[in-house]
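Asker: As annotated by TrEMBL, region 'Disordered' applies to 1-36, 154-178. Look at TrEMBL and you will find 1-20 tagged as compositional bias 'Polar residues'. Look at TrEMBL and you will find 33-160 tagged as domain 'ALOG'. Residues annotated as compositional bias 'Basic and acidic residues' in TrEMBL: 168-178.
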Amino acid sequence: MSSTEIQRNIAEGSSRSAIDQLQPPPPPPPLSRYESQKRRDWNTFGQYLRNQKPPVALSQCSCNHVLDFLRYLDQFGKTKVHLHGCVFFGQRDPPAPCTCPLRQAWGSLDALIGRLRAAYEENGGAPESNPFGNGAIRVYLREVKECQAKARGIPYKKKKKRKNQIKMSDEAKQSKLS
């Protein structure tokens with residue numbers, strides 16, 4: 001390669017890099033479904049705090065605000081939760097409609113708290129002061145879970161893994177690593 005060609009390549013390379021610098025950076029990859037939902041949930045919670053009288057700063061947010069937010073969300077729920085006095089209380093598939101309220105399903109609330117707990121820390125909150133990880137939130141979720149299970153006539157029993165299943169899953173993991 002001649003010195004003229006080398007100089008031309010260097011010149012072209014430097015002009016290309018200058019052109020590259022003028023172009024906007026490529027857009028970030030689209031957010032996953034989980035990340036999009038987490039962002040929406042975080043924005044919704046922030047809006048809820050701003051709408052309080054008086055507005056609550058995120059730094060002043062406590063587990064009581066989180067519990068109030070979860071109760072507030074119940075009005076938008078789609079899960080029928082039969083009250084103790086309802087004739088359908090404890091029935092799995094009620095034969096007719098009733099006037100019992102619609103609530104947020106336990107699983108939805110549990111997933112919401114998980115997303116908000118992660119979002120809190122991603123937005124600068126300290127893990128030790130995370131109101132979404134407070135014990136009162138776990139107690140509330142457990143009570144909702146048990147209440148909804150009783151109202152539907154489905155007793156909640158924690159599933160225990162059998163030792164044989166654990167061995168099989170460990171062996172499967174080992175075979176994947178090999």
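Indices start at 1 and increase along the chain as displayed.
Every residue, even glycine, has its Cβ placed from backbone N, Cα and C.
Any TrEMBL annotation is an automated prediction that lacks curation.
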Asker: How does the model score the domain 'ALOG' (33-160) in terms of mean pLDDT?
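Answerer: Overall, the domain 'ALOG' (33-160) comes to a mean pLDDT of 90.
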Asker: Provide the three-state DSSP residue tally for the domain 'ALOG' (33-160): helix first, then strand, then coil.
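Answerer: Tallying H, G and I as helix, E and B as strand, the rest coil: 75 helix, 4 strand, 49 coil.
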